[in-house]
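J.: Here's a structure for you.
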Amino acid sequence: MNGPVPTNLAPTTGGGSWLSVIALALAAFIFNTTEFVPVALLSDIGRSFDMSTAQVGLMLTIYAWVVALASLPMMLLTRNIERRRLLLFVFLVFVVSHLLSWLSQSFAMLLLSRIGIALAHAVFWSITASLAVRVAPPGQQAKALGLLATGTTLAMVLGIPLGRVVGEALGWRVTFLSIAGVALATMLCLMKSLPLLPSQNSGSLRSLPILFKRPALVITYVLVTLVITAQFTAYSYIEPFALQVAQISGERITLLLLLFGGAGVFGSVLFSRYSDRFPHGLLVGSIGLLAACLLLLLPLAGNFYLFAGLSMFWGVAILSFSLSLQSKTLKLASDATDVAMALFSGIYNIGIGGGALLGSIVSSQLGVASVGWAGGSVAVVGLLLAMASTRRFREALSH
């Protein structure tokens, strides 16, 4: 998940285009959906290849770590390429890779296709938020960023549950084929609506030493690593946890995913309303709520209604956290936004991959019932760091 960038980029000449902004928001929806939709399909994919969910879950780790390793190098390699051409090429790779996922007859082939998608993802999130600002109608940059954030949020609300519904009805391969179809339509829309977009404010390797000399920014990146690792230790295995531990039916698991994602919308509203008044309090509160939800995952698994309520608080917590950290990153690195966001995306995906790997190890060694305890313990470490860093953040953001 990635978010807005500052609006200090030059807009395009002309009047801007809401069609382009909407297409970019749809693209954000598609890219976030495909990253996490395997979470809802682990059991089905495992049955296809006669593998355990812990083994299939490593696909999430590989995807995330490819994004993490590729984000900054790909951003630097492509920093001088005209953005419309680059974005269309990214979509071409994305669509072809999803067609390979649809055709996969082995887990190795599926992994190869996911690596192609991950490379497209790495470039996409390094450039897209700044493009939304540039193509927005004059004076409408904030609304454009809001639409992009909405697309990101809707991936959790609708994309992942819809992917599960399609997978349950028609098979997991059709889920990937459907994503390819929607991506192709979005690509054609962008091809028609986007103007030429020369690269701007992309930054360079010279930005890195400067950024890493900012203690508050370094703490932000460490918090991202810890808390996202905690989140995906449990979330990566929520489907097998719900099936095997909570004894919840497939239809109710889809409902849980909808509740989790829908509650994230409320987290976005909380962030919009209170982030300026209580920037650090919102961050600490969201980490504390996340830690509590993860630690209560197993104790509340026996009651569907309590478990559903927990899922909603969990959704609020993780989206509030993600938006808070993105906002801090962009304020602390407004002079090198593309580099800072490429680092953020890479580190976020280190957390996703690390969490999926830790969840796989815990599931294999202790059982899937223990993923909440493991994730919650890591979240508590993040909470302590956030509480200890209050003064550092206030000093850095007051300048």
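Cβ atoms are placed via backbone N, Cα and C, with glycine included.
The annotation transmembrane segment is assigned in Swiss-Prot to 21-41, 56-76, 87-107, 115-135, 142-162, 176-196, 215-235, 252-272, 281-301, 304-324, 339-359, 366-386.
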J.: Going along the chain, which residues at least six beyond the ends of the transmembrane segment (252-272) come within the CB cut-off of under 8 Å?
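T.: Beyond its ends, the transmembrane segment (252-272) has Cβ neighbours at 40, 149, 153-158, 160-161, 164-165, 168, 238-239, 242-243, 282, 286, 304, 307-308, 311-320, 323-324, 327.
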J.: Under 8 Å for C-beta pairs, could you tell me which stretch among 87-107, 176-196, 215-235, 281-301, 304-324 has the largest tally with the transmembrane segment (339-359)?
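T.: Ranking 87-107, 176-196, 215-235, 281-301, 304-324 by Cβ pairs under 8 Å to the transmembrane segment (339-359) puts 215-235 first.
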J.: Report, as numbers and ranges, every residue of the chain located at least six residues beyond the transmembrane segment (56-76) whose Cβ falls under 8 Å of a Cβ in that stretch; write 'none' if there are none.
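T.: For the transmembrane segment (56-76), the sequence-distant neighbours (Cβ-Cβ under 8 Å, at least 6 residues beyond its ends) are 35, 38-39, 42, 45-46, 49, 107, 110-111, 114-115, 117-119, 121-123, 125-127, 202, 204-205, 232, 236-237, 338-339, 342-343, 345-354, 356-357, 359-360, 363.
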J.: Between the stretches 21-41, 115-135, 142-162, which wins on the count of C-beta pairs under 8 angstroms to the transmembrane segment (176-196)?
T.: 21-41
J.: Which residues of the same chain, at least 6 past either end of the transmembrane segment (21-41), have a Cβ under 8 Å from a Cβ in it?
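T.: Distant Cβ neighbours of the transmembrane segment (21-41) are 1-2, 56, 59-60, 63-64, 91, 94, 98, 117, 120-121, 124-125, 128, 131-132, 135-136, 144, 147-148, 150-152, 154-156, 159-164, 167, 172, 175-176, 179, 182-183, 186, 189-190, 193-194, 235-236, 238-239, 253-254, 257, 352.
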J.: Short question: most Cβ pairs under 8 Å with the transmembrane segment (142-162), which of 115-135, 215-235, 366-386?
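T.: Top-ranked stretch among 115-135, 215-235, 366-386: 115-135.
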J.: Should anything in the same chain at least six residues away from the transmembrane segment (281-301) have a Cβ under 8 Å from its Cβ atoms, list it; otherwise answer none.
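T.: Same-chain contacts beyond the ends: 223, 227, 230-231, 233-234, 241, 245-246, 267, 270-271, 274-275, 307, 310, 313-314, 316-318, 320-321, 324-325, 328, 369-373, 375-377, 379-380, 382-383, 386-387, 390.
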